[in-house]
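Report on one structure; see the data block that follows.
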Amino acid sequence: MASVLASLFPKLGSLGTSDHGSVVSINLFVALLCACIIIGHLLEENRWVNESITALIIGLGTGVVILLVSGGKSSHLLVFSEDLFFIYVLPPIIFNAGFQVKKKQFFVNFITIMMFGAIGTLVSCAIISLGAIQTFKKLDIEFLDIGDYLAIGAIFAATDSVCTLQVLHQDETPLLYSLVFGEGVVNDATSVVLFNAIQNFDLTSVNLSIALSFLGNFFYLFLASTLLGAGTGLLSAYIIKKLYFGRHSTDREVALMMLMAYLSYLLAELFYLSGILTVFFCGIVMSHYTWHNVTESSRVTTRHAFATLSFLAETFLFLYVGMDALDIEKWKFVSGRPGLSISVSSILMGLILLGRGAFVFLLSFLSNLMKKSSEEKITFRQQVIIWWAGLMRGAVSMALAYNKFTRGGHTQLQDNAIMITSTITIVLFSTMVFGLMTKPLISLLLPPQRQLSTVSSGANTPKSLTAPLLGCREDSEVDDLNVPDLPHPPSLRMLLTAPSHKVHRYWRKFDDAFMRPMFGGRGFAPPAPGSPTEQGP
(Lines of atoms letter the chains of each structure in order from A; the text may use other names.)
(Lines give C-alpha, C1' and ligand atoms only; values in the text may rest on other atoms or scores of the structure.)
Protein backbone atom coordinates (compact mmCIF):
# COMPACT_ATOMS: atom_id res chain seq x y z
CA MET A 1 0.00 0.00 0.00
CA ALA A 2 2.83 2.36 0.83
CA SER A 3 4.40 1.86 -2.60
CA VAL A 4 1.07 2.54 -4.33
CA LEU A 5 0.56 5.74 -2.38
CA ALA A 6 4.12 6.76 -3.09
CA SER A 7 3.56 6.28 -6.82
CA LEU A 8 0.35 8.34 -6.73
CA PHE A 9 1.73 11.07 -4.51
CA PRO A 10 5.52 11.11 -4.90
CA LYS A 11 6.05 13.34 -1.90
CA LEU A 12 4.63 10.73 0.44
CA GLY A 13 7.97 8.93 0.39
CA SER A 14 9.32 11.28 3.06
CA LEU A 15 6.12 11.69 5.01
CA GLY A 16 7.59 10.52 8.27
CA THR A 17 10.35 13.08 8.27
CA SER A 18 9.72 16.37 6.55
CA ASP A 19 6.81 16.52 4.14
CA HIS A 20 3.89 17.44 6.33
CA GLY A 21 2.29 19.32 3.42
CA SER A 22 1.28 16.09 1.66
CA VAL A 23 -0.57 14.94 4.76
CA VAL A 24 -2.38 18.26 4.88
CA SER A 25 -3.37 18.00 1.21
CA ILE A 26 -4.75 14.48 1.59
CA ASN A 27 -6.63 15.44 4.74
CA LEU A 28 -8.23 18.40 2.99
CA PHE A 29 -9.21 16.28 0.02
CA VAL A 30 -10.78 13.61 2.22
CA ALA A 31 -12.63 16.33 4.13
CA LEU A 32 -13.95 17.71 0.83
CA LEU A 33 -15.17 14.24 -0.15
CA CYS A 34 -17.04 14.05 3.15
CA ALA A 35 -18.55 17.48 2.49
CA CYS A 36 -19.71 16.37 -0.96
CA ILE A 37 -21.44 13.32 0.54
CA ILE A 38 -23.15 15.31 3.31
CA ILE A 39 -24.33 18.14 1.06
CA GLY A 40 -25.42 15.66 -1.60
CA HIS A 41 -27.51 13.86 1.02
CA LEU A 42 -29.12 17.10 2.12
CA LEU A 43 -30.01 17.90 -1.50
CA GLU A 44 -31.19 14.39 -2.31
CA GLU A 45 -34.88 15.18 -2.15
CA ASN A 46 -34.46 18.28 -4.28
CA ARG A 47 -32.72 16.46 -7.15
CA TRP A 48 -32.23 19.75 -8.99
CA VAL A 49 -28.58 20.03 -8.01
CA ASN A 50 -27.45 16.40 -8.02
CA GLU A 51 -24.31 15.01 -6.42
CA SER A 52 -22.21 15.40 -9.56
CA ILE A 53 -22.93 19.12 -9.81
CA THR A 54 -22.51 19.47 -6.03
CA ALA A 55 -19.00 17.96 -6.19
CA LEU A 56 -18.17 20.15 -9.19
CA ILE A 57 -19.29 23.33 -7.41
CA ILE A 58 -17.38 22.40 -4.25
CA GLY A 59 -14.31 21.72 -6.39
CA LEU A 60 -14.62 25.13 -8.05
CA GLY A 61 -15.02 26.87 -4.70
CA THR A 62 -12.05 25.02 -3.26
CA GLY A 63 -9.97 25.94 -6.29
CA VAL A 64 -10.75 29.62 -5.78
CA VAL A 65 -9.73 29.42 -2.11
CA ILE A 66 -6.47 27.62 -2.94
CA LEU A 67 -5.70 30.20 -5.63
CA LEU A 68 -6.14 33.01 -3.10
CA VAL A 69 -4.10 31.26 -0.43
CA SER A 70 -1.27 30.34 -2.82
CA GLY A 71 -1.14 33.81 -4.35
CA GLY A 72 -2.38 32.60 -7.74
CA LYS A 73 0.18 29.81 -8.13
CA SER A 74 -2.04 26.71 -7.88
CA SER A 75 -5.69 25.70 -7.63
CA HIS A 76 -5.66 22.03 -6.65
CA LEU A 77 -4.38 19.74 -3.97
CA LEU A 78 -3.41 16.88 -6.29
CA VAL A 79 -1.88 16.86 -9.78
CA PHE A 80 -4.14 15.29 -12.41
CA SER A 81 -2.79 12.17 -14.06
CA GLU A 82 -4.52 10.16 -16.77
CA ASP A 83 -2.80 7.08 -15.35
CA LEU A 84 -4.40 7.74 -11.98
CA PHE A 85 -7.76 8.11 -13.72
CA PHE A 86 -7.59 5.07 -16.00
CA ILE A 87 -5.79 2.65 -13.67
CA TYR A 88 -7.25 3.43 -10.23
CA VAL A 89 -10.41 5.57 -10.46
CA LEU A 90 -12.29 4.41 -13.56
CA PRO A 91 -12.30 0.58 -13.02
CA PRO A 92 -14.59 0.51 -9.94
CA ILE A 93 -17.09 2.84 -11.65
CA ILE A 94 -17.39 0.73 -14.80
CA PHE A 95 -17.31 -2.61 -12.99
CA ASN A 96 -20.10 -1.59 -10.63
CA ALA A 97 -22.12 -0.42 -13.64
CA GLY A 98 -21.93 -3.91 -15.11
CA PHE A 99 -22.42 -5.60 -11.75
CA GLN A 100 -25.57 -3.64 -10.89
CA VAL A 101 -27.16 -3.40 -14.35
CA LYS A 102 -30.60 -4.91 -14.88
CA LYS A 103 -29.42 -7.49 -17.32
CA LYS A 104 -32.75 -8.43 -18.88
CA GLN A 105 -33.49 -4.85 -19.96
CA PHE A 106 -29.90 -4.38 -21.08
CA PHE A 107 -29.77 -7.45 -23.31
CA VAL A 108 -33.32 -7.24 -24.63
CA ASN A 109 -32.35 -3.75 -25.87
CA PHE A 110 -28.80 -4.82 -26.70
CA ILE A 111 -29.04 -4.11 -30.45
CA THR A 112 -30.38 -0.59 -29.86
CA ILE A 113 -27.78 0.07 -27.16
CA MET A 114 -24.96 -1.05 -29.45
CA MET A 115 -26.33 1.08 -32.28
CA PHE A 116 -26.35 4.16 -30.06
CA GLY A 117 -23.11 3.40 -28.21
CA ALA A 118 -20.93 2.12 -31.08
CA ILE A 119 -22.36 3.36 -34.39
CA GLY A 120 -23.57 6.61 -32.84
CA THR A 121 -20.15 7.32 -31.35
CA LEU A 122 -18.48 6.78 -34.71
CA VAL A 123 -20.97 9.12 -36.41
CA SER A 124 -20.51 11.76 -33.71
CA CYS A 125 -16.72 11.45 -33.91
CA ALA A 126 -16.80 11.84 -37.69
CA ILE A 127 -19.03 14.94 -37.56
CA ILE A 128 -16.95 16.60 -34.83
CA SER A 129 -13.69 15.84 -36.64
CA LEU A 130 -14.91 17.04 -40.05
CA GLY A 131 -16.53 20.12 -38.53
CA ALA A 132 -13.34 20.98 -36.65
CA ILE A 133 -11.26 20.59 -39.81
CA GLN A 134 -13.49 23.00 -41.74
CA THR A 135 -13.94 25.62 -39.03
CA PHE A 136 -10.55 25.64 -37.30
CA LYS A 137 -8.82 26.50 -40.55
CA LYS A 138 -10.83 29.72 -40.67
CA LEU A 139 -9.44 30.58 -37.22
CA ASP A 140 -5.86 30.20 -38.52
CA ILE A 141 -5.25 27.12 -36.37
CA GLU A 142 -2.36 25.38 -38.13
CA PHE A 143 -0.85 23.28 -35.36
CA LEU A 144 -3.27 20.33 -35.74
CA ASP A 145 -2.81 17.47 -38.21
CA ILE A 146 -5.34 14.88 -39.35
CA GLY A 147 -4.54 12.60 -36.41
CA ASP A 148 -5.16 15.47 -33.97
CA TYR A 149 -8.54 16.24 -35.54
CA LEU A 150 -9.62 12.60 -35.34
CA ALA A 151 -8.44 12.48 -31.73
CA ILE A 152 -10.52 15.59 -30.98
CA GLY A 153 -13.54 13.80 -32.45
CA ALA A 154 -12.96 10.80 -30.17
CA ILE A 155 -12.38 13.04 -27.14
CA PHE A 156 -15.62 14.97 -27.51
CA ALA A 157 -17.67 11.96 -28.62
CA ALA A 158 -17.30 10.56 -25.08
CA THR A 159 -20.51 11.33 -23.18
CA ASP A 160 -21.25 11.61 -19.47
CA SER A 161 -24.87 10.76 -18.68
CA VAL A 162 -24.49 10.69 -14.87
CA CYS A 163 -26.71 13.74 -14.35
CA THR A 164 -29.52 12.23 -16.41
CA LEU A 165 -29.27 8.82 -14.74
CA GLN A 166 -29.48 10.44 -11.31
CA VAL A 167 -32.85 11.93 -12.31
CA LEU A 168 -34.27 8.92 -14.16
CA HIS A 169 -35.72 6.09 -12.06
CA GLN A 170 -34.77 2.57 -13.10
CA ASP A 171 -38.02 1.05 -11.79
CA GLU A 172 -40.31 3.68 -13.33
CA THR A 173 -38.64 4.00 -16.75
CA PRO A 174 -36.66 0.77 -17.25
CA LEU A 175 -36.55 1.04 -21.05
CA LEU A 176 -35.32 4.63 -21.09
CA TYR A 177 -32.92 4.09 -18.18
CA SER A 178 -31.50 0.98 -19.86
CA LEU A 179 -30.91 2.81 -23.14
CA VAL A 180 -29.27 5.86 -21.54
CA PHE A 181 -27.18 3.77 -19.15
CA GLY A 182 -26.14 1.14 -21.69
CA GLU A 183 -25.30 3.68 -24.35
CA GLY A 184 -23.20 5.67 -21.87
CA VAL A 185 -21.00 2.70 -20.99
CA VAL A 186 -20.62 1.47 -24.58
CA ASN A 187 -20.00 5.04 -25.74
CA ASP A 188 -17.15 5.57 -23.27
CA ALA A 189 -15.60 2.24 -24.23
CA THR A 190 -15.95 2.99 -27.95
CA SER A 191 -14.43 6.46 -27.52
CA VAL A 192 -11.41 5.08 -25.66
CA VAL A 193 -10.93 2.23 -28.16
CA LEU A 194 -11.26 4.69 -31.05
CA PHE A 195 -8.85 7.13 -29.42
CA ASN A 196 -6.25 4.40 -28.86
CA ALA A 197 -6.67 3.12 -32.42
CA ILE A 198 -6.09 6.65 -33.75
CA GLN A 199 -2.96 7.01 -31.62
CA ASN A 200 -1.52 3.76 -32.97
CA PHE A 201 -1.88 4.63 -36.67
CA ASP A 202 0.00 7.05 -38.91
CA LEU A 203 -2.86 8.94 -40.48
CA THR A 204 -0.82 11.55 -42.34
CA SER A 205 -1.37 9.65 -45.61
CA VAL A 206 -4.71 7.90 -45.50
CA ASN A 207 -5.53 5.30 -48.16
CA LEU A 208 -7.90 2.36 -48.48
CA SER A 209 -5.44 -0.09 -46.94
CA ILE A 210 -4.87 2.08 -43.87
CA ALA A 211 -8.62 2.69 -43.49
CA LEU A 212 -9.41 -1.05 -43.62
CA SER A 213 -6.57 -1.81 -41.21
CA PHE A 214 -7.87 0.88 -38.86
CA LEU A 215 -11.41 -0.54 -38.91
CA GLY A 216 -10.10 -4.07 -38.44
CA ASN A 217 -8.02 -3.00 -35.44
CA PHE A 218 -11.02 -1.16 -33.98
CA PHE A 219 -13.34 -4.18 -34.19
CA TYR A 220 -10.58 -6.49 -32.92
CA LEU A 221 -10.13 -4.33 -29.82
CA PHE A 222 -13.88 -4.24 -29.28
CA LEU A 223 -14.41 -8.00 -29.59
CA ALA A 224 -11.24 -9.08 -27.79
CA SER A 225 -11.96 -6.77 -24.84
CA THR A 226 -15.48 -8.16 -24.47
CA LEU A 227 -14.31 -11.79 -24.60
CA LEU A 228 -11.52 -11.13 -22.10
CA GLY A 229 -13.96 -9.63 -19.61
CA ALA A 230 -16.44 -12.48 -20.00
CA GLY A 231 -13.64 -15.05 -19.76
CA THR A 232 -12.24 -13.57 -16.55
CA GLY A 233 -15.71 -13.47 -15.01
CA LEU A 234 -16.30 -17.13 -15.91
CA LEU A 235 -12.91 -18.09 -14.49
CA SER A 236 -13.76 -16.47 -11.16
CA ALA A 237 -17.10 -18.27 -11.11
CA TYR A 238 -15.48 -21.63 -11.86
CA ILE A 239 -12.80 -21.22 -9.18
CA ILE A 240 -15.24 -20.20 -6.46
CA LYS A 241 -17.73 -22.92 -7.46
CA LYS A 242 -15.11 -25.68 -7.38
CA LEU A 243 -13.17 -24.60 -4.30
CA TYR A 244 -16.04 -22.88 -2.47
CA PHE A 245 -14.04 -20.50 -0.31
CA GLY A 246 -17.08 -19.82 1.89
CA ARG A 247 -16.50 -23.08 3.75
CA HIS A 248 -13.46 -21.46 5.32
CA SER A 249 -13.67 -17.69 4.97
CA THR A 250 -16.07 -15.32 3.29
CA ASP A 251 -13.23 -12.78 3.29
CA ARG A 252 -11.46 -14.90 0.69
CA GLU A 253 -14.56 -14.91 -1.50
CA VAL A 254 -14.90 -11.15 -1.40
CA ALA A 255 -11.17 -10.59 -1.91
CA LEU A 256 -11.05 -12.98 -4.86
CA MET A 257 -14.03 -11.32 -6.58
CA MET A 258 -12.47 -7.88 -6.18
CA LEU A 259 -9.04 -8.98 -7.35
CA MET A 260 -10.36 -10.92 -10.34
CA ALA A 261 -12.44 -7.94 -11.40
CA TYR A 262 -9.43 -5.64 -11.18
CA LEU A 263 -7.24 -8.26 -12.87
CA SER A 264 -9.53 -8.26 -15.90
CA TYR A 265 -9.01 -4.51 -16.29
CA LEU A 266 -5.23 -4.74 -15.86
CA LEU A 267 -5.00 -7.60 -18.36
CA ALA A 268 -6.87 -5.52 -20.91
CA GLU A 269 -4.45 -2.63 -20.39
CA LEU A 270 -1.50 -5.04 -20.53
CA PHE A 271 -2.57 -6.34 -23.95
CA TYR A 272 -3.56 -2.85 -25.21
CA LEU A 273 -7.29 -3.63 -25.20
CA SER A 274 -10.21 -1.60 -23.82
CA GLY A 275 -10.23 -1.94 -20.05
CA ILE A 276 -13.65 -0.28 -19.90
CA LEU A 277 -15.34 -2.92 -22.04
CA THR A 278 -13.45 -5.73 -20.32
CA VAL A 279 -14.32 -4.79 -16.75
CA PHE A 280 -17.92 -3.95 -17.69
CA PHE A 281 -18.65 -7.39 -19.14
CA CYS A 282 -16.66 -8.98 -16.32
CA GLY A 283 -19.10 -7.32 -13.93
CA ILE A 284 -22.10 -8.61 -15.87
CA VAL A 285 -20.78 -12.19 -15.90
CA MET A 286 -19.78 -12.07 -12.23
CA SER A 287 -23.23 -10.88 -11.17
CA HIS A 288 -24.83 -13.71 -13.17
CA TYR A 289 -22.57 -16.60 -12.14
CA THR A 290 -19.96 -15.80 -9.48
CA TRP A 291 -22.26 -13.83 -7.18
CA HIS A 292 -24.63 -16.79 -6.80
CA ASN A 293 -21.77 -19.14 -5.82
CA VAL A 294 -20.82 -17.29 -2.62
CA THR A 295 -22.42 -17.14 0.81
CA GLU A 296 -25.22 -14.75 1.65
CA SER A 297 -22.90 -12.58 3.75
CA SER A 298 -20.45 -12.35 0.83
CA ARG A 299 -23.28 -11.31 -1.49
CA VAL A 300 -24.27 -8.44 0.77
CA THR A 301 -20.64 -7.42 1.29
CA THR A 302 -19.69 -7.41 -2.39
CA ARG A 303 -22.83 -5.56 -3.46
CA HIS A 304 -22.25 -2.70 -1.03
CA ALA A 305 -18.45 -2.71 -1.42
CA PHE A 306 -18.60 -2.30 -5.20
CA ALA A 307 -21.31 0.36 -4.96
CA THR A 308 -19.35 2.31 -2.34
CA LEU A 309 -16.10 2.23 -4.29
CA SER A 310 -17.92 3.40 -7.42
CA PHE A 311 -19.65 6.21 -5.53
CA LEU A 312 -16.39 7.48 -4.02
CA ALA A 313 -14.61 7.32 -7.37
CA GLU A 314 -17.34 9.34 -9.11
CA THR A 315 -17.34 11.96 -6.36
CA PHE A 316 -13.54 12.14 -6.49
CA LEU A 317 -13.61 12.76 -10.25
CA PHE A 318 -16.13 15.59 -10.22
CA LEU A 319 -14.46 17.19 -7.21
CA TYR A 320 -11.08 17.18 -8.91
CA VAL A 321 -12.43 18.36 -12.27
CA GLY A 322 -13.84 21.39 -10.47
CA MET A 323 -10.47 22.23 -8.92
CA ASP A 324 -8.52 21.54 -12.10
CA ALA A 325 -10.75 23.92 -14.07
CA LEU A 326 -8.96 26.83 -12.39
CA ASP A 327 -5.43 25.52 -13.00
CA ILE A 328 -3.62 28.81 -13.49
CA GLU A 329 -0.77 27.24 -15.50
CA LYS A 330 -2.98 26.43 -18.50
CA TRP A 331 -4.92 29.69 -18.44
CA LYS A 332 -1.70 31.74 -18.44
CA PHE A 333 -0.71 30.27 -21.78
CA VAL A 334 -4.03 31.23 -23.41
CA SER A 335 -4.31 34.66 -21.78
CA GLY A 336 -2.78 36.25 -24.87
CA ARG A 337 -5.47 34.75 -27.15
CA PRO A 338 -8.65 34.55 -25.08
CA GLY A 339 -10.87 35.06 -28.12
CA LEU A 340 -9.41 32.00 -29.83
CA SER A 341 -10.04 29.80 -26.80
CA ILE A 342 -13.66 30.98 -26.60
CA SER A 343 -14.15 30.42 -30.33
CA VAL A 344 -12.74 26.89 -30.17
CA SER A 345 -14.97 26.03 -27.19
CA SER A 346 -18.08 27.44 -28.88
CA ILE A 347 -17.42 25.62 -32.15
CA LEU A 348 -16.81 22.30 -30.41
CA MET A 349 -19.96 22.71 -28.31
CA GLY A 350 -21.98 23.35 -31.44
CA LEU A 351 -20.47 20.30 -33.14
CA ILE A 352 -21.33 18.18 -30.09
CA LEU A 353 -24.97 19.27 -30.35
CA LEU A 354 -25.01 18.57 -34.09
CA GLY A 355 -23.18 15.25 -33.88
CA ARG A 356 -25.48 14.01 -31.14
CA GLY A 357 -28.64 14.93 -32.99
CA ALA A 358 -27.35 13.47 -36.27
CA PHE A 359 -27.57 9.88 -35.06
CA VAL A 360 -30.02 9.74 -32.12
CA PHE A 361 -33.18 10.39 -34.11
CA LEU A 362 -32.06 8.42 -37.17
CA LEU A 363 -30.98 5.36 -35.17
CA SER A 364 -34.15 5.58 -33.06
CA PHE A 365 -36.19 5.47 -36.28
CA LEU A 366 -34.26 2.38 -37.45
CA SER A 367 -34.64 0.74 -34.05
CA ASN A 368 -38.39 1.31 -34.09
CA LEU A 369 -38.61 -0.38 -37.49
CA MET A 370 -37.31 -3.60 -35.92
CA LYS A 371 -39.92 -3.57 -33.14
CA LYS A 372 -43.47 -4.75 -33.78
CA SER A 373 -45.05 -3.68 -30.48
CA SER A 374 -45.76 0.04 -30.12
CA GLU A 375 -44.94 -0.20 -26.41
CA GLU A 376 -41.37 -1.29 -27.22
CA LYS A 377 -40.74 1.60 -29.59
CA ILE A 378 -38.84 4.70 -28.54
CA THR A 379 -41.18 7.67 -28.47
CA PHE A 380 -40.14 11.11 -29.69
CA ARG A 381 -40.12 12.42 -26.10
CA GLN A 382 -37.77 9.63 -25.08
CA GLN A 383 -35.57 10.35 -28.09
CA VAL A 384 -35.22 13.96 -26.94
CA ILE A 385 -34.14 12.77 -23.47
CA ILE A 386 -31.63 10.33 -25.00
CA TRP A 387 -30.25 13.19 -27.13
CA TRP A 388 -30.05 15.45 -24.08
CA ALA A 389 -28.40 12.80 -21.89
CA GLY A 390 -25.43 12.58 -24.25
CA LEU A 391 -24.70 16.31 -24.46
CA MET A 392 -22.76 16.43 -21.19
CA ARG A 393 -19.03 15.79 -21.19
CA GLY A 394 -17.07 14.61 -18.18
CA ALA A 395 -13.99 12.88 -16.84
CA VAL A 396 -13.39 10.57 -19.83
CA SER A 397 -13.11 13.56 -22.17
CA MET A 398 -10.82 15.27 -19.67
CA ALA A 399 -8.57 12.21 -19.36
CA LEU A 400 -8.31 11.70 -23.13
CA ALA A 401 -7.55 15.41 -23.67
CA TYR A 402 -4.81 15.30 -21.04
CA ASN A 403 -3.40 12.16 -22.64
CA LYS A 404 -3.26 13.84 -26.05
CA PHE A 405 -2.25 17.41 -25.25
CA THR A 406 -0.19 17.24 -22.02
CA ARG A 407 2.75 15.39 -20.56
CA GLY A 408 2.29 14.34 -16.95
CA GLY A 409 -0.64 16.73 -16.58
CA HIS A 410 1.41 19.77 -17.62
CA THR A 411 1.89 21.63 -20.88
CA GLN A 412 4.29 24.37 -21.92
CA LEU A 413 2.78 24.92 -25.37
CA GLN A 414 0.14 27.54 -26.06
CA ASP A 415 -1.53 25.41 -28.74
CA ASN A 416 -1.96 22.46 -26.40
CA ALA A 417 -3.11 24.76 -23.61
CA ILE A 418 -5.88 26.07 -25.89
CA MET A 419 -7.21 22.55 -26.41
CA ILE A 420 -7.02 21.72 -22.69
CA THR A 421 -8.77 24.90 -21.58
CA SER A 422 -11.42 24.40 -24.27
CA THR A 423 -12.05 20.89 -22.96
CA ILE A 424 -12.35 22.20 -19.39
CA THR A 425 -14.76 24.91 -20.53
CA ILE A 426 -16.96 22.42 -22.37
CA VAL A 427 -17.02 20.00 -19.42
CA LEU A 428 -17.98 22.77 -16.99
CA PHE A 429 -20.55 24.38 -19.28
CA SER A 430 -22.24 21.14 -20.35
CA THR A 431 -22.35 19.67 -16.84
CA MET A 432 -23.53 22.82 -15.10
CA VAL A 433 -25.97 24.18 -17.70
CA PHE A 434 -27.32 20.97 -19.22
CA GLY A 435 -27.15 19.16 -15.87
CA LEU A 436 -29.22 21.81 -14.10
CA MET A 437 -31.81 21.73 -16.88
CA THR A 438 -32.10 17.92 -16.92
CA LYS A 439 -34.64 17.67 -14.11
CA PRO A 440 -37.15 20.21 -15.48
CA LEU A 441 -36.77 18.80 -19.01
CA ILE A 442 -37.56 15.23 -17.91
CA SER A 443 -40.43 16.45 -15.73
CA LEU A 444 -41.82 18.29 -18.75
CA LEU A 445 -41.45 15.46 -21.25
CA LEU A 446 -42.20 12.53 -18.94
CA PRO A 447 -44.50 13.62 -16.11
CA PRO A 448 -45.12 10.99 -13.40
CA GLN A 449 -48.43 9.78 -14.82
CA ARG A 450 -46.82 9.29 -18.22
CA GLN A 451 -43.64 7.62 -17.02
CA LEU A 452 -45.39 4.41 -15.96
CA SER A 453 -47.07 4.00 -19.34
CA THR A 454 -44.14 4.64 -21.67
CA VAL A 455 -42.18 1.51 -20.89
CA SER A 456 -42.63 -1.95 -22.23
CA SER A 457 -42.15 -4.17 -19.22
CA GLY A 458 -41.60 -2.10 -16.11
CA ALA A 459 -43.65 -4.33 -13.82
CA ASN A 460 -41.73 -7.39 -14.93
CA THR A 461 -38.24 -5.92 -14.67
CA PRO A 462 -36.08 -8.27 -12.58
CA LYS A 463 -34.61 -7.01 -9.34
CA SER A 464 -31.01 -5.89 -9.49
CA LEU A 465 -28.39 -8.53 -8.79
CA THR A 466 -30.90 -11.36 -8.44
CA ALA A 467 -31.95 -11.80 -12.07
CA PRO A 468 -30.18 -14.14 -14.48
CA LEU A 469 -28.34 -12.72 -17.47
CA LEU A 470 -31.35 -12.56 -19.78
CA GLY A 471 -34.16 -12.94 -17.31
CA CYS A 472 -35.24 -15.73 -14.99
CA ARG A 473 -37.93 -18.27 -15.71
CA GLU A 474 -40.58 -16.08 -14.15
CA ASP A 475 -39.63 -13.27 -16.53
CA SER A 476 -39.49 -15.48 -19.58
CA GLU A 477 -43.23 -15.20 -19.93
CA VAL A 478 -42.75 -11.57 -20.84
CA ASP A 479 -40.87 -12.64 -23.94
CA ASP A 480 -43.68 -15.00 -24.88
CA LEU A 481 -46.23 -12.20 -24.53
CA ASN A 482 -47.78 -13.99 -21.53
CA VAL A 483 -49.10 -16.83 -23.71
CA PRO A 484 -46.51 -19.60 -23.31
CA ASP A 485 -48.97 -22.29 -24.32
CA LEU A 486 -49.38 -20.93 -27.84
CA PRO A 487 -47.07 -22.35 -30.51
CA HIS A 488 -44.07 -20.16 -31.35
CA PRO A 489 -43.63 -18.78 -34.87
CA PRO A 490 -41.11 -20.57 -37.09
CA SER A 491 -37.52 -19.91 -36.02
CA LEU A 492 -36.51 -18.00 -39.15
CA ARG A 493 -39.55 -15.71 -39.04
CA MET A 494 -39.09 -15.17 -35.31
CA LEU A 495 -35.42 -14.34 -35.83
CA LEU A 496 -36.25 -11.75 -38.49
CA THR A 497 -39.19 -10.12 -36.73
CA ALA A 498 -37.98 -10.27 -33.11
CA PRO A 499 -34.25 -11.04 -33.07
CA SER A 500 -33.73 -10.03 -29.42
CA HIS A 501 -36.43 -12.38 -28.15
CA LYS A 502 -35.26 -15.27 -30.31
CA VAL A 503 -31.63 -14.92 -29.28
CA HIS A 504 -32.85 -14.55 -25.69
CA ARG A 505 -34.71 -17.86 -25.86
CA TYR A 506 -31.79 -19.74 -27.41
CA TRP A 507 -29.37 -18.28 -24.89
CA ARG A 508 -31.57 -19.23 -21.95
CA LYS A 509 -31.70 -22.84 -23.11
CA PHE A 510 -27.92 -22.95 -23.56
CA ASP A 511 -27.39 -21.25 -20.20
CA ASP A 512 -29.60 -23.72 -18.33
CA ALA A 513 -28.19 -26.78 -20.08
CA PHE A 514 -24.48 -26.00 -20.05
CA MET A 515 -23.26 -22.71 -18.57
CA ARG A 516 -24.88 -22.66 -15.14
CA PRO A 517 -24.17 -26.35 -14.35
CA MET A 518 -20.49 -25.67 -15.12
CA PHE A 519 -19.98 -22.15 -13.76
CA GLY A 520 -22.68 -21.97 -11.10
CA GLY A 521 -25.35 -19.37 -10.69
CA ARG A 522 -28.89 -19.46 -9.39
CA GLY A 523 -29.81 -23.04 -8.46
CA PHE A 524 -26.37 -24.44 -9.25
CA ALA A 525 -24.25 -23.38 -6.26
CA PRO A 526 -22.02 -26.19 -4.87
CA PRO A 527 -23.73 -28.32 -2.18
CA ALA A 528 -21.09 -27.77 0.50
CA PRO A 529 -21.58 -27.32 4.27
CA GLY A 530 -22.90 -23.84 4.86
CA SER A 531 -23.42 -23.17 1.17
CA PRO A 532 -26.48 -21.27 -0.12
CA THR A 533 -28.03 -24.45 -1.57
CA GLU A 534 -28.07 -26.11 1.85
CA GLN A 535 -30.38 -23.36 3.06
CA GLY A 536 -33.06 -24.32 0.54
CA PRO A 537 -33.94 -23.32 -3.03
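Even glycines carry a Cβ here, placed using N, Cα and C.
Among the features that TrEMBL reports, transmembrane segment is placed at 20-40 (among others).
Residues or ranges marked as domain 'Cation/H+ exchanger transmembrane' by TrEMBL: 31-442.
Residues annotated as transmembrane segment in TrEMBL: 52-71 (among others).
Summarising the annotation, TrEMBL assigns transmembrane segment to 77-99 (among others).
Among the features that TrEMBL reports, transmembrane segment is placed at 106-129 (among others).
Here the transmembrane segment (149-168) has Cβ contacts under 8 Å with residues 47, 50-53, 121, 124-129, 132-133, 136, 176-177, 180-181, 183-184, 187-188, 190-192, 194-195, 198-199, 203, 314, 348, 351-352, 355, 385, 388-397, 400-401, 404, 419, 423, 426, 430-431, 434-435, 438-439, 442 of the same chain, all six or more residues outside its ends. The transmembrane segment annotation in TrEMBL covers 149-168 (among others).
The annotation transmembrane segment is assigned in TrEMBL to 218-240 (among others).
Annotation source TrEMBL lists transmembrane segment at 261-286 (among others).
What TrEMBL records for 306-326 (among others) is transmembrane segment.
TrEMBL lists 347-365 (among others) with the feature transmembrane segment.
The annotation transmembrane segment is assigned in TrEMBL to 385-405 (among others). When Cβ-Cβ distances below 8 Å are used as the criterion, the transmembrane segment (385-405) is approached by residues 80-82, 85-86, 89-90, 116, 148, 151, 154-156, 158-165, 176, 179-180, 183-184, 187-188, 191-192, 195, 199, 317-318, 321, 324, 352-353, 356-357, 360-361, 364, 378, 411, 416-417, 419-420, 423-424, 426-427, 430-431, 434-435, 438, 441-442, 445-446 of the same chain, each at least six residues removed from its ends.
Only residues 6 or more beyond the boundaries of the transmembrane segment (417-437), in the same chain, are considered here, and those with a CB under 8 A from a CB of the stretch are 48-50, 52-53, 56, 60, 152, 155-156, 160, 163, 318, 321, 324-325, 330-331, 333-334, 337, 340-342, 344-345, 348-349, 352, 388, 391-394, 397-398, 401-402, 404-406, 411. According to TrEMBL, the transmembrane segment annotation covers 417-437 (among others).
Within the chain carrying the transmembrane segment (106-129), a Cβ under 8 angstroms from the stretch's Cβ atoms is held by residues 149-150, 152-154, 156-158, 175, 178-179, 181-187, 189-191, 194, 222, 284, 348, 351-352, 354-356, 358-360, 363, 366-367, 370, 378, 386, 469-471, 479, 499-501, 504, all 6 or more beyond its ends. Each of 52-71, 77-99, 347-365 was scored by its Cβ pairs under 8 Å to the transmembrane segment (306-326), and the highest score goes to 52-71.
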